[in-house]
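Let me begin by presenting the structure, written as structure tokens, before commenting on it.
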Amino acid sequence: MTSLKLLKEKAPLVICITNDVVKNFTANGLVALGASPAMSEFPADLEDLLKYAGGLLINIGTLTDENWKLYQAALKIAEKYNVPAVLDPVACGAGEYRKKVADDLINNYKLAAIRGNAGEIASLVGIDVASKGVDSAGVDNIDEIALAANEKFNIPIVVTGEVDAIAVNGEVVTIHNGSAMMPKVIGTGCLLGAVVASFIGLEKGQELKSLETAMLVYNIAGEIAEKHPNGHLPGTFKVEFINALYEITDEDVKEFKRVK
């Protein structure tokens, strides 16, 4: 069974501790894809929910001291129940405090994957890449960045940009699908982190397969959305992207995928 069919069959509960700007978009995107999102931020509630969860997303976009404690509490509970956790270290290359939080979560808690742009992941491994807030300039060595992070942390790594790279157990693949409209809509990267959390726990020992499917489904949905008559407009693209996540099939992935 393909990872996409497995996701739709299992409809995994995905706990999303994410930034305030993107909660609605993230929840709608996961529902469209076939997952079941919960946006809980109360540790006692998380203790109950994570018993049944298929994934946890920690997105540090809206960072506060209290949220840092929440991330730590959620990761402890997730490890207790063997729930795969995905970290999105938003803008960790833009300031010392964010880098400190990201380092803490990576070094002291169990993670199933890290998802970030080239600037974010490069900052975690000490590679110099131009980064401005949540955005990162296009880079040529995205596969090297992914491999360096994978080797340093021994965690599956997803690095996104004009080309995306996935590194698992020293193996790297690059994804050449996607839409130039994605950066025009706030939250597309954050939703991707939640999509990764939805796929990562579907098949134990098949992380590369699951992550590759997650990236292809997401990026090809973006291409489909952009092809809409008004897909070049951010408002239309946002709506059509959700529609494409709802309608995308394995046949679409097989036909349009560009993987190296």
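Placed from the backbone N, Cα and C atoms, the Cβ positions cover glycine too.
Pulled from Swiss-Prot, these are the features on record:
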- M39, G187: substrate binding site (BINDING)
- R115, T160: ATP binding site (BINDING)
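When the binding-site residues M39, R115, T160, G187 are scored by other C-beta atoms within 10 Å, R115 scores highest. Recorded residues G187 (substrate binding site) and R115 (ATP binding site) have their alpha carbons 14 Å apart, per Cα-Cα distance. R115 (ATP binding site) and M39 (substrate binding site) have their C-alpha atoms 19 Å apart, to the nearest angstrom. For the pair M39 (substrate binding site) and T160 (ATP binding site), the C-alpha distance works out to 24 angstrom.
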